[in-house]
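K.L.:
Please find one structure pasted underneath; my questions will follow.
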Amino acid sequence: MKKHIGLRKEAKYEADFDDKKIKAYIDYLISWMKERVADACAKGIVLGISGGIDSAVVVALAKKAFGKNVLGVIMPVDSMQNDLKDIKELEKAVDLKFITIDLKNTYDTIKQALPLINSNLALSNIKPRLRMAVIYALAQENNYLVAGTGNKCETHIGYFTKYGDGGSDILPLSKLLKSEVKIIAKHLKVPDSIINKKPSAGLWEGQNDEDELGFSYKDLDSYLMDSNAKISQEVKNKIDKMYKNSEHKRNVSLQPQEIDTILK
């Protein structure tokens, strides 16, 4: 695996961040987002607002790129009560007014229609898929592109819901480690309450990423920076397994070969 220096001065988790790199990469991301939207002949960006650091950074970047042509959407089901205060602070920080679409009744109706589904995870993954459907309807209505919020860590291990929060047109944070997202958040003046909170996919009340994964983002960052990083072999094996098992999530639907190639 190639070493990842990224926004640091060397490929070590403890290494100092480089301010010039941070500012330059923020400018690059803003320009890149503008180019992608222009290429699609679209007008702006729509994204889901969770109260977490990733969506906060993306909406802050989008505001710098598109001004008021940014639509942030809060979509509570039953697991966002603890995030609403942070979201209010974020609205003030980026000077945007988000909209709220409550999906609890919709989710409950679908859940009742699926008595054969007993897995809590399978049921919980309906939530991000509902949100994706709403986001794309709003995108089409407004001629906006959908901005995803996944970072390099989540993408690598497949820690997202396929056709849920993994469904997007652009993925601005996909080359940034979790610690790099945090340092960019500080530069963009994202509220400290969001920067310092435990990362959560918001699948159920009280859920947090690191408890579910069984390792820390610090370990994951360290391993993705340098495969020889001093973390336990057990964690390395777990990360490698998650990467292998989630390969299908990072690719478009698998297709067979052309007929003429097979039937010669």
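We count from 1, first residue shown onward.
Every residue, even glycine, has its Cβ placed from backbone N, Cα and C.
Got these off TrEMBL a minute ago, pasting:
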BINDING   Gly48, Ile49, Ser50, Gly51, Gly52, Ile53, Asp54, Ser55, Thr149, Lys178, Ser200  ATP binding site
BINDING   Asp54, Glu154  Mg(2+) binding site
BINDING   Arg129, Lys162, Asp169, His248, Lys249  deamido-NAD(+) binding site
DOMAIN    26-252  domain 'NAD/GMP synthase'
K.L.:
For the domain 'NAD/GMP synthase' (26-252), report the average pLDDT of the model, please.
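P.N.:
Taking every residue of the domain 'NAD/GMP synthase' (26-252) together, the mean pLDDT is 94.
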K.L.:
Work through the binding-site residues one by one (Arg129, Lys162, His248, Lys249) and point out the residue whose CB has the fewest other CB atoms within 10 angstroms.
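P.N.:
Relative to the other binding-site residues in Arg129, Lys162, His248, Lys249, His248 has the fewest Cβ atoms within 10 Å.
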K.L.:
Since the record lists Gly48, Gly52 as binding-site residues, which of them has the fewest other Cβ atoms within 10 Å of its Cβ?
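P.N.:
Among the binding-site residues Gly48, Gly52, the sparsest Cβ neighbourhood within 10 Å belongs to Gly52.
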K.L.:
Expressed to the nearest Å, what is the distance separating Arg129 (deamido-NAD(+) binding site) and Gly48 (ATP binding site) at their Cα atoms?
P.N.:
12
K.L.:
Which state, by DSSP, holds Gly48 (ATP binding site): helix, strand or coil?
P.N.:
strand
K.L.:
In the structure shown, which of the binding-site residues Asp54, Glu154, Asp169 has the fewest other Cβ atoms within 10 Å?
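P.N.:
Comparing Cβ neighbour counts within 10 Å for the binding-site residues Asp54, Glu154, Asp169 gives Asp169.
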K.L.:
Provide the number of Cβ atoms within 10 Å of the Cβ of Ser50 (ATP binding site), excluding the reference atom itself.
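P.N.:
Here the count is 25.
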K.L.:
Identify which of the binding-site residues Thr149, Ser200 has its Cβ surrounded by the largest number of other Cβ atoms within 10 Å, counting every protein chain shown.
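P.N.:
Of Thr149, Ser200, the one with the most crowded Cβ is Thr149.
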K.L.:
Determine, from DSSP, whether Thr149 (ATP binding site) sits in helix, strand or coil.
P.N.:
coil
